[in-house]
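For reference, the structure I am asking about is given below.
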Amino acid sequence: MEGQSLLMAGLLYLCAAVIAVPLAARLGIGAVLGYLLAGIAIGPWGLGFISDVQEILHFSELGVVFLMFIIGLELKPSKLWELRRSIFGVGAAQVLLSAAVLGGLLWLTDFSWQAAIIGGIGLAMSSTAMALQLMRDKAMNRNESGQLGFSVLLFQDLAVIPALALVPLLAGSDSGHTDWMKLGMKVLAFAGMLVGGRYLLRPIFRFIAASGVREVFTAAALLLVLGSALFMEALGLSMALGTFIAGILLAESEYRHELEIAIDPFKGLLLGLFFISVGMALNLGVLYTHILEILAGVVMLVTVKTAVLYLLARIYGLRSSERLQFSGVLSQGGEFAFVLFSAASSTSLFSGDQMPLLLVTVTLSMMTTPLLMQGVDKILKHRFNEVDDSQEKPFVEDDKPQVIVVGFGRFGQVVARLLMANEKRITVLERDISAVSLMRSYGYKVYYGDATQLELLRAAGAETAQSLVIACNGPEDAMAIVHLCQQHFPHLQILARARGRVEAHELLQAGVTQFSRETFSSALELGRKTLMSLGMHPHQAFRAQQHFRRLDMRMLRALMPNHGDSQQISRVKEARRELEDIFQAELRHEKRQFDGWDEAD
C-alpha cells in the first residue's frame with residue numbers, strides 16, 4: 001500500500017505540473033508561479049490530495065541541492081575568488097541590514113527581542129531556488145547583476161550555520177554550550193571532504209568513464225551529489241553548500257559538461273516538486289483569519305528587502321538598468337526560513353500564532369516575486385531602452401566560446417591549435433577518455449562528453465557560439481550532430497570532416513557545404529610535389545592542383561543525386577576526359593609564363 005500511495009503521489013505531482021504550468025505560461029505569469037498554484041490546489045488546504053507536506057518539502061529540497069551543484073560546475077575556483085568582495089561585502093551587508101530592519105519591525109509588534117532577532121534573520125534570507133531560476137529565465141547570469149545576486153545568495157547559505165547555532169543561545173537552553181570537540185571533528189571532516197574531492201574525484205570519474213556505459217556515469221553523478229549533500233547534513237551544515245563545493249571541485253575537470261547534462265533532468269523535476277511543496281505548505285486557514293496582518297507583513301518584507309538591495313546595488317556601482325532586476329529577484333523570503341523558524345519553535349522562542357504567521361508571509365512573498373519581475377521587465381522596457389551613461393560599469397565580458405570543436409583526434413587537434421593560435425575562444429568535446437586525459441595533461445581545454453546529446457551541446461555554449469567544427473571519427477555521430485544542430489541551433493555555421501566521398505555526399509545532402517575530406521588535401525599536396533619532382537614547373541603544378549580540386553568538387557556535386565547509381569561510372573569517365581582536356585589546354589596556354597614560381601614551397 002505504501003508503494004501504491006507513493007506512485008499515486010507522484011502521479012498527482014505530475015498531473016498538477018502538466019496542467020498548471022502550461023496554463024500559467026499561457027497567462028504570462030511564469031512557470032514558478034504555476035508550480036506554486038498547483039501546490040495550493042492539491043495540498044491540504046485545496047483539494048486535500050496530499051496531507052504530509054513537511055516530509056515532501058524536505059525531500060524536494062534536493063532540487064535546490066542539484067541546482068547548486070550545477071552552479072558550482074559553472075563557477076571555477078578562480079572566479080569564486082574574484083567574487084570574494086561581493087560575497088562578504090554586499091552579501092554580509094544585505095543580511096545584516098535586512099535582519100536589523102525586519103527584526104526591529106517585528107520587535108515593535110508582539111515579538112520578544114529574541115524572537116525578533118531570529119525572525120529578522122529568517123526573513124532576510126532569499127529563496128535560492130526561486131532567485132536562481134528567475135535569474136536564468138531573465139538571462140541575468142550573463143551580466144553583473146546576476147553575479148552580484150549569486151554572491152548574496154551564497155553568503156546567505158554560509159550564514160545558515162551561525163544562524164542555527166544562535167537559536168539555542170537566544171532560547172537560553174543548555175544546548176547553547178559549545179562542544180568544542182564535536183566542532184573540531186566537524187571541521188576536520190569538512191577539510192577531509194575538500195582534500196578528498198580535490199584529489200580523488202577526477203581519477204574516480206576517469207575510471208567510470210573508461211567503461212563507456214553512460215548509465216553508470218549518470219549513477220556516479222547522482223551518488224556524488226546525494227553523498228555530498230548527506231555528508232554536509234550530517235555535519236549540521238547546508239546540503240546545498242556541500243554540493244556547491246563538489247561542483248566547484250569539478251568545475252575545471254574534463255567531465256564538467258557531461259556531469260551537467262546527467263544531473264540537469266533531475267534538477268528540473270525536483271525544483272518543480274520544491275515549488276509545488278511550497279504551495280502545499282501555504283496555510284490558508286491562518287491566511288483567512290489573519291489576512292490583514294499577513295498582507296501587511298508581505299508588503300513590509302518585500303519593500304524592506306527591495307529597498308536594502310537597491311541601495312547596496314547603487315553603492316556597489318551596478319548599472320541603473322540592472323538595479324531593479326537585482327533588488328526584485330531577491331526580494332522574497334526563502335526556504336531557509338522554514339528550517340530556522342522550526343528550530344526556533346522547538347525551543348519555544350515563538351508564542352501563539354507567530355510561527356505560522358511568519359511561514360505564510362514567507363510563502364506569499366515567494367509568490368509575489370514572479371509578478372514583481374514582470375513589472376520590473378515592463379519598467380525597464382519603458383525606461384532603459386537607451387544606452388546607459390558612460391560612467392557606469394560595463395557588462396561583464398561574455399566568455400562563451402566562439403567555436404565548438406567536436407573530436408580531438410589528429411584532425412581536430414590541427415583545427416583547434418590553429419584557432420587557439422589566433423586567439424579564438426573554443427570549447428573542445430571528446431568522448432575518448434584516454435585522449436581527454438592525455439590532451440589535458442598538455443594543457444589543452446578538452447571536455448569529456450558525447451556531442452550527440454542535445455544538452456551537452458547546450459551546456460558547451462552552442463546557443464551563443466558562431467561555428468561548430470565536427471572532427472569526430474564516426475560518420476553516424478557526425479550526421480547526428482549535424483541534424484541536431486540544424487534543428488536546435490540553426491544559427492551555427494557547421495564545418496565538418498569527411499573521411500571520404502560517401503561521407504561528403506551525405507554532408508552535401510544534409511546541407512553542409514563547408515567540409516574537408518581528411519585525405520584529399522594532403523593527397524593533392526603530395527601529388528603537386530610529385531609533379532614537380534618529374535620536372536613540372538611549380539606554377540604549372542599548382543594550377544594543375546587547383547584545377548583538379550575544382551573539378552573534383554564539381555564531380556562530387558554532380559554525382560550526389562546518383563550516389564550508388566549505374567550512371568555514376570559514365571559520369572566519372574566523362575569527368576576524367578574533361579580533366580585531361582583542361583590539362584592539355586593549360587600546357588599550350590601557359591608555357592613559359594611562370595614568373596615568380598621558380599622556387600618550390
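Any Cβ shown, glycine's included, is placed from N, Cα and C.
Annotations for this protein, taken from Swiss-Prot, read as follows:
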| type | residues | note |
| --- | --- | --- |
| DOMAIN | 400-519 | domain 'RCK N-terminal' |
| TRANSMEM | 5-25 | transmembrane segment |
| TRANSMEM | 29-49 | transmembrane segment |
| TRANSMEM | 87-107 | transmembrane segment |
| TRANSMEM | 115-135 | transmembrane segment |
| TRANSMEM | 152-172 | transmembrane segment |
| TRANSMEM | 180-202 | transmembrane segment |
| TRANSMEM | 207-227 | transmembrane segment |
| TRANSMEM | 230-250 | transmembrane segment |
| TRANSMEM | 268-288 | transmembrane segment |
| TRANSMEM | 291-311 | transmembrane segment |
| TRANSMEM | 324-344 | transmembrane segment |
| TRANSMEM | 356-376 | transmembrane segment |
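Mind running through what each feature is packed against?
Through the fold, the transmembrane segment (87-107) approaches residues 113, 115-117, 119-121, 123-125, 148, 151-156, 159, 300-301, 304-305, 308-309, 312, 316, 330 of its own chain, all at least 6 residues removed from its boundaries and within a Cβ separation under 8 Å.
For the transmembrane segment (115-135), same-chain residues at least 6 beyond its ends with a Cβ under 8 Å from one of its own Cβ atoms are 30, 32, 63-64, 67-68, 71, 94-95, 98-104, 106-107, 141, 146, 149-150, 152-153, 156-157, 159, 163, 166-167, 170, 240, 271, 274-275, 301, 305, 329-337, 340-341, 344, 349-351, 354, 358, 361-362, 366, 369-370, 373.
A Cβ distance under 8 Å defines the sequence-distant neighbours of the transmembrane segment (207-227), meaning residues of its chain 6+ beyond its ends; these are 62, 65-66, 69, 201, 243, 246, 255, 258-259, 262-263, 266, 433-434, 448, 450.
Same-chain residues lying 6+ beyond the ends of the transmembrane segment (324-344) with a Cβ under 8 Å from its Cβ atoms: 57, 61, 64, 94, 115, 118-119, 121-123, 125-131, 134-135, 138, 140, 145, 148-149, 152-153, 156, 160, 163-164, 167, 171, 274, 278, 281, 301-302, 305-307, 309-310, 313, 318, 350, 355, 358-359, 361-363, 365-366, 368-369, 372-373, 375-376, 379-380.
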So, by DSSP, how many helix, strand and coil residues make up the domain 'RCK N-terminal' (400-519)?
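For the domain 'RCK N-terminal' (400-519), the helix, strand and coil counts are 50 helix, 26 strand, 44 coil.
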For the transmembrane segment (268-288), could you work out the same-chain residues 6 or more beyond its ends whose Cβ comes under 8 Å from its Cβ atoms?
13, 16-17, 21, 32, 35-46, 50, 53-54, 56-57, 59-67, 129-130, 133, 294, 335, 338, 353, 356-357, 359-360, 363-364, 366
